[in-house]
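Taken from TrEMBL, the feature substrate binding site covers 61, 101, 109, 303, 308, 350, 389, 390, 428. The feature active site, proton donor is assigned by TrEMBL to 194. If you look up TrEMBL, you'll see 388 marked as active site, proton acceptor.
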């Protein structure tokens, strides 16, 4: 059966049920640190190129450090409003990220946008508002979750600051929310906008594949841990002092080595506290986001980091330092998915483009297995799962891996596929992406994401209808979240996508023959 759109494009309804919308992340500094939308004409030209390529929309950071830079509750959204108008004019949808972290100091950060100066000034007299490692180094890219409930910021707590920011966004951007321009609100929950601790900061000398460091040595989190240990009858327990430094390998530390501290009662208690504290942080901020955007026709989303190095080591050291208590016999991601389920929230995961074979064997990386585990856990909790690539890639191998993860069991020619990601965001818009050869393959990728259908302006046709955001469900007790740590086999994935950008094996043969012509 054919369904006709208002632009007389015809679709195969059954194939359209396999459509995965594709978004493109805008450049980090499209609004400057001085709150100026500088290159309006250049941006409009690039957005029109994306629209012509069939892209569904764009994603962008809305930086707290820019909007509330002048002082507490002194918001200036004017530059963002100008940009949103251009996006709307170009006929694209928008996923807006509530970015309450610093830009700069992480992989791919090409501009520096710090958190507001009035907040950093408070950190001058109370540096414990920032995440702190065991050596006492402070990380000012995001406030420690230890101050979530500390009224240190002109009488406000950190959570109140984030809540006020989102409410101001909703009030100021109400016309864009009502018109349907904004379809997703991704709620920043940590460094790089991700629900994690800043365990692997490049600006403190971390390099891949270092195990990273625990980040809970500020006075607030330290006090929380000591109180938790005392309640458990172990007032003598302290935070780890044997987990190494940023660029160690796991086996060189007592904590992560074979028969290491992480396997002891004390180690398990610490890792449970550390990861549950992160869950609580995400849960509380998403509850505020849900209240801020209640009734709007949007989806909430939260981003989880793809920490694929040391995934194939028994200790999963890099995941543990980031706050993901994931082991071979313990699922550290499904409890996050269960927590997100109460807020009607999408789980947005990364490293969709990576294959194990591309990684150094020394790092014991397992991006493919990690993606399968996290996506499977999300689907088993009946939430929507979206994702993005971690690093900019322009080659068919990367696109094909994203396509495989978007529909792990391929196309269903008779209706919705068994497994389908809710959407994919490509990082990121750049001159390199728009270079003729790169853009040609990208356009093919967009078409394949759309199951070989043309761009579809009505999300209802591929089961993405947006209703008003409902109130979060009741808080899930911690023991129910911990029940989700029981490990299950991930769903089965096909070996390769059936929607290859280069025609799969036939495309490969064609390319080989062309070399010899």
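Heads up, the Cβ atoms here are built off N, Cα and C, so glycines get one too.
These figures come from a predicted structure and were not determined experimentally.
Annotated features taken from TrEMBL, shown on the structure.
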residue: 61; record: substrate binding site; CB count, 10 Å: 24
residue: 194; record: active site, proton donor; CB count, 10 Å: 24
residue: 308; record: substrate binding site; CB count, 10 Å: 25
residue: 388; record: active site, proton acceptor; CB count, 10 Å: 22
residue: 389; record: substrate binding site; CB count, 10 Å: 22
residue: 428; record: substrate binding site; CB count, 10 Å: 20
Handout entry: Cα-to-Cα gap, residue 388 (active site, proton acceptor) vs residue 61 (substrate binding site), nearest whole Å
Key = 14
